């Protein structure tokens with residue numbers, strides 16, 4: 001037996017390597033594969049990328065993943081290669097039980113954009129389970145008078161495999177009394193019956209031991225055995241008789257435990273203990289024994305466990321009635337499970353795209369989900385809808401799969417996220433529903449430019465301000481988030497292109513605060529305007545502009561300026577008034593202006609002082625000076641007035657002007673500027689005399705020093721001339737640099753000669769000392785050597801006399817520069 005199992009395992013491993021892959025596309029959206037069970041973890045199934053017609057690199061780029069309809073995924077996808085592998089060993093019996101075919105459903109989900117493909121893997125059964133008898137040693141009591149051909153049903157063997165690998169046949173060990181007959185159930189495994197071939201004789205053989213073997217159809221086949229112990233009973237003439245050979249019943253799947261299913265009845269014509277009948281479910285599969293029970297006395301069959309129409313629709317129950325003498329009879333109860341709408345629909349979300357950009361176009365896939373209703377036969381059609389009015393709609397994709405897509409434009413600034421409730425409802429009765437909530441966040445895109453709070457700004461700054469003084473702030477808001485809402489401020493020149501505004505103002509790029517760069521002067525500029533640009537930090541930045549006007553406020557920083565009468569800084573202006581002038585005579589008018597503006601430039605005129613305050617008056621508003629009365633002979637000829645001109649600033653600034661008014665008899669006499677006679681009558685101050693004497697003495701000493709220095713200088717010059725001789729030739733034409741001193745003689749020489757000169761600084765005189773000629777004397781072939789003398793005569797060249805005269809001419813040039 002161990003060798004057989006080892007060989008079977010080897011064959012199974014070989015079969016795992018030679019997997020038959022059946023690939024098809026259902027409705028162009030479903031891919032199907034077939035694999036054998038018991039494949040080891042990591043076994044290759046198929047290449048999904050190839051079957052879907054996708055490039056291998058796109059699986060990883062689009063975040064491909066597998067989503068199972070159940071709670072567990074049995075496969076894994078290699079994103080780089082597109083290969084599909086078994087995640088763990090597959091056991092068809094634990095996955096699907098007796099269901100055939102065994103199909104595992106999952107989806108291949110891709111994102112960016114969201115897309116899904118339905119896939120199915122059919123798990124083929126291998127013969128990895130042997131038939132098993134639950135009761136290894138069943139006991140049968142058969143009366144010796146049992147007629148030939150009597151049948152005795154045996155407990156069926158259980159084989160978890162399906163199809164050919166499941167239970168196929170029974171065999172019985174060789175004996176002289178019984179042979180075996182295999183029977184079929186409409187729903188359930190095959191079972192065997194013992195058929196009596198030879199009459200029993202308790203006196204000859206009170207017991208018979210048999211071995212029954214259950215065999216499946218695998219290759220190689222597997223089997224299981226049970227040992228039957230037959231006890232031959234003494235004669236019991238009558239066996240129990242059921243009222244029906246087959247009982248039929250219908251039970252709703254939602255019936256509670258203990259519900260009555262059916263009542264079987266059997267009678268026995270014997271008397272005494274042989275007439276007492278006991279009912280049992282001895283020869284039934286384990287699933288029936290867990291679900292039903294029978295009262296041994298009255299034959300009532302009741303529910304022991306829950307029913308599930310979606311799992312098992314009908315039950316075939318074998319009922320055994322045994323009398324007191326050991327004789328038994330069998331009957332069947334066929335139970336049909338009635339489906340009720342007891343399962344609400346299930347909503348299974350396989351993928352959600354969140355966050356979702358707010359600029360996503362309509363029909364963008366947001367989520368993928370499937371709906372399953374186990375009561376689809378009675379529940380009717382399942383509908384799916386959204387509980388609220390949201391910018392999303394549900395679209396069917398294939399089968400029971402759906403996608404949630406956008407229905408209209410999204411705006412994160414209005415709604416930053418959605419809690420979407422998916423409702424699935426069947427038609428009942430009664431109608432059942434299920435809800436699943438999907439949270440979808442809306443991500444921001446830069447679709448809102450900065451917006452200034454004001455259409456335009458007017459700011460004020462007072463003149464004479466300190467540099468870098470804060471004068472105001474502009475503020476813009478951006479409805480976006482993150483970097484898309486980070487605003488940077490900058491200055492733009494006004495529309496007229498005047499860039500000088502940048503010399504007056506600066507802006508903090510982070511907060512929009514404006515500062516004055518320099519001190520403002522209202523008299524130079526009264527206002528100016530510029531443009532502030534606000535730019536957000538988005539990848540494709542957006543901006544907006546606003547005009548800012550800065551008004552300079554005037555300060556009273558300018559005193560009134562007198563335009564008339566003109567002031568020469570020493571003497572006041574004189575005006576002539578005839579002595580014949582009457583009261584109200586216009587003498588003159590003081591004209592003044594103020595560089596400020598507004599109230600600071602309003603001027604008023606006041607008579608501050610006067611020789612005779614009762615003789616003249618000043619108009620407060622216009623500065624006109626009039627006589628208050630007629631001039632008399634007693635009035636002094638010189639009238640001195642001091643006029644105060646004052647502005648209206650806070651504090652007020654003022655300027656005074658002095659006027660001399662001469663009272664004359666008429667304007668026909670020539671008039672010289674009148675000097676104040678009191679000056680001649682003033683006495684000379686003794687200190688002034690001493691000052692004048694000191695100045696005279698100092699001047700004399702200075703002149704004497706100059707004469708002495710000049711004599712010494714002439715003497716040194718004569719000594720210096722005796723040490724050098726003059727070269728015979730001079731340059732005809734010479735060009736020298738600008739730092740050389742050129743001297744032109746006053747008639748003694750016809751052309752200048754350059755020399756280096758040195759000035760003795762700090763000596764208090766203007767002495768120049770000629771050290772040497774700047775350039776050597778080279779003879780020129782065309783030099784004439786002719787020098788004009790003071791008397792205008794000329795001598796032949798190269799004569800001694802000419803040489804001496806040239807020397808004198810050279811000294812004359814030096815004297816000219818001295």
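Quick reminder: no glycine exception, Cβ is built from N, Cα and C everywhere.
Cross-referencing 209, 464 with Swiss-Prot, the residue annotated as N-linked glycosylation site turns out to be 209.
In Swiss-Prot, the entry for N-linked glycosylation site among 568, 746 corresponds to 568. Between 257, 802, the residue that has N-linked glycosylation site written against it in Swiss-Prot is 257.
Residues 692-712 are the range that Swiss-Prot records as transmembrane segment, among 650-670, 671-691, 692-712. Of the candidates 419, 735, Swiss-Prot marks one as N-linked glycosylation site, and that one is 419.
From the options 759-788, 789-818, the stretch Swiss-Prot describes as region 'Disordered' is 789-818. Nearest in space to residue 209 (N-linked glycosylation site), taking C-alpha to C-alpha distance over the glycosylation sites 169, 257, 419, is 169. For the glycosylation sites 169, 209, 257, 419, counting C-beta atoms within 10 A of each C-beta gives the highest total at 169.
In the domain 'Cadherin 1' (35-133), helix, strand and coil residues by DSSP number 16 helix, 37 strand, 46 coil.
In this structure the alpha carbons, written CA, of residue 257 (N-linked glycosylation site) and residue 169 (N-linked glycosylation site) are 35 Å apart.
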